[in-house]
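Annotated features in Swiss-Prot:
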BINDING   9, 57, 85, 91, 102, 112  ATP binding site
ACT_SITE  115  active site, pros-phosphohistidine intermediate
């Protein structure tokens, strides 16, 4: 089954959106496989966002991520990467549809509440970076009510 990496960014944590965001993924039918609440240091943030290091907004993005604690998670389910991105909404919250996490809870692109893997290969890399000891292997008793 496919897995994705989701991070609730410092603004989402500070604004008390952790429960709401987790609830949306659970209600969709995805399974939480790993979760940690952590303060990210600059070298780790730079490693996570290494693919964006040449962008003019890179330093601001890193400063934003290290400004407070984040909630790092791994979710599992059929099509979880693409569907997770749909639940999250567009990178720019002003372009996000109402009903998405960013559409409902964010305004500025620089404070967009949440990160989600953009592809299966990105998810694999991000999960390995954030959870080097692996994730919890379990199956919800609701699995057969969600999947054929």
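Glycine too: its Cβ is placed from the backbone N, Cα and C atoms.
Everything Swiss-Prot records as a feature, shown here on the structure.
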| residue | record | DSSP class |
| --- | --- | --- |
| 9 | ATP binding site | coil |
| 57 | ATP binding site | coil |
| 85 | ATP binding site | helix |
| 91 | ATP binding site | coil |
| 102 | ATP binding site | helix |
| 112 | ATP binding site | coil |
Checklist entry - When a 10 Å sphere is centred on the Cβ of residue 115 (active site, pros-phosphohistidine intermediate), how many other Cβ atoms does it contain? => result 20
Item to check | Neighbour count (Cβ, 10 Å) for residue 102 (ATP binding site) | outcome: 23
Next on the checklist: I need the CA-to-CA distance for residue 9 (ATP binding site) versus residue 115 (active site, pros-phosphohistidine intermediate), whole Å please.
Outcome noted: 7
Item to check | Candidate with the highest Cβ count within 10 Å, taken from the binding-site residues 9, 85 | outcome: 9
